[in-house]
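Student: Heads up, here are the entries from Swiss-Prot:
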TRANSMEM  1-21  transmembrane segment
TRANSMEM  24-44  transmembrane segment
TRANSMEM  59-79  transmembrane segment
TRANSMEM  94-114  transmembrane segment
TRANSMEM  121-141  transmembrane segment
TRANSMEM  150-170  transmembrane segment
TRANSMEM  177-197  transmembrane segment
TRANSMEM  201-221  transmembrane segment
TRANSMEM  245-265  transmembrane segment
TRANSMEM  273-293  transmembrane segment
TRANSMEM  324-344  transmembrane segment
Amino acid sequence: MNPLALTIFLLSLAIGTTITLSSFHWLLAWIGLEINTLAIIPLMTKTPHPRAIEAATKYFLTQAAASALVLFSSLISAWQTGEWSINSLMDLPMNILSIALMMKLGLAPLHFWIPEVLQGISLPTGLILSTWQKIAPMALLLQTSHLINLNLTIALGLTSIMVGGWGGIGQTQLRKIMAFSSIGHLGWIIVILKFDPQLSLLNFVLYIIMTAAMFMSLTTISATKMLEISTSWSKTPALTTTTMLILLSLAGLPPLTGFTPKLLITLELVKQNATLLAVMVMFISLLALFFYIRLTYVVTLTLSPNTPNSLLTWRTASRSYSTTAIMNTMALILLPITPTLLLL
C-alpha cells in the first residue's frame, strides 16, 4: 500500500476514535464510529485476496447494522427527552444502544463476525481490529454504564465467557484463537461494568496490552497456525518463551498481569453479594484455560524433528523489536504495580 494512503487511513482511525471519546452529542459519537469503520476497511483489503475481501464485507455489514441501531436509539432518545446528550437515555433506547455497541465489540451472541473477519485479514490489521477498534464502543458503554440494564450485562457477559472458551477449544488457527480469546475477555469486562465501571476500564486497558503483545509476537514470528508457532522455538527461543508466558497471562494465571483483572473482578463481585455470579464466571473461564494451556504446551513442550543444520538459519541485518519487547514486558509483570494503577 502507498505509504501516504496508509498514513491517511491510520490518522482517520485516530481521529474517529478521538471524536467519539470527546463527544457529548450522539450525532458526533456516531460520526466517530463511522469514520473508524470506513478507515479500517482499506487496511483489511490491503492484500487483494478473496478471504480478505470476504472479511471486509462481513465487517462492513455488521458495523453498518450496529451503527444504524446506534442512530435509531439516539433518535428515539431525542424524541422522548428532547435532548441529544449521551447521558439522557430512557430504558428502551438504552437497551437498543447497549445491543448495538456490544455488536460492535463482538460480544456473544453477537460475536458471529469476529472469528471469520480476523481469520481473513493480516496479523497487523488483526491487532488494530482487536484493540484500537474496540476503544470507541467501550468508551460509550463506560459513559452510559449507570443507565445500562444489569440483567443484560450479566447475561451477555456470561454468554461471552462461555462462547470464548468453548469456541477456542478445537481451533488450530491462531487468529481464530485470538478472536475467541477477545470474546472471553470482553465478557469479563461487561460482567463487572454495572458494578464498577473503573474496574471495567482497568480490565480493558490490561486486555489491550496483553492482546497487543500477543499479536506483535505472532507478527514477529510470522505464525498464523499452531504448526508454525510450534516450530519457532529453534529460531527465536527468547521470543517463543515470552509468547508462552503471554498465553498464560491471557489465561489469568498468577503472578502474571492477566491475573490482576480476574482477581479484582472476583473480589468486587463477592463484595457486591454476587458470590454465585463470581463462582459461575470462574468455572466457565476454565474452558478458556484449557485451550490456553494446550497452546502453551504446543509452543514450548513439543519440538518438531529437525537436524542440527536447521538451527543455523540464514541471518540478515536484525531489526529492532523494542516495541514488542516493551509490550511483552507489560503483559507479564504489571501485577506488582496494581495498587498504583488503581490509584490513578
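Don't overthink the numbers, they just go from 1 along the chain as shown.
Cβ atoms are placed via backbone N, Cα and C, with glycine included.
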Student: Give the nonlocal contacts of the transmembrane segment (24-44) in its own chain as ranges (CB under 8 Å, at least six residues past its ends).
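Tutor: Contacts with the transmembrane segment (24-44): 1, 5-6, 9-10, 12-13, 15-18, 52, 55-56, 59-60, 63-64, 67, 70-71, 74, 77-78, 84-86, 104, 117, 120-121, 125, 128-129, 133, 136-137, 140.
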Student: Considering only Cβ pairs within less than 8 angstroms, which of the stretches 1-21, 59-79, 94-114, 150-170, 245-265 has the most against the transmembrane segment (201-221)?
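Tutor: Ranked by Cβ pairs under 8 Å, first place goes to 245-265.
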Student: May I ask for the residues of the chain that lie six or more residues beyond the transmembrane segment (1-21) and have a Cβ under 8 Å from a Cβ within it?
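Tutor: Non-local partners: 28-29, 31-40, 42-43, 46, 128, 132-133, 135-136, 139-140.
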Student: Please give the sequence-distant neighbours of the transmembrane segment (273-293): residues at least 6 beyond its ends with Cβ less than 8 Å from one of its Cβ atoms.
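Tutor: For the transmembrane segment (273-293), the list is 154, 157-158, 161-162, 164-166, 168-169, 171, 177, 180-181, 184, 188, 191, 195, 247-248, 250-253, 262, 265-266.
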Student: Do the transmembrane segment (177-197) and the transmembrane segment (121-141) come close, with at least three CB pairs under 8 A (pairs 6 or more apart in sequence)?
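Tutor: By the criterion, they touch.
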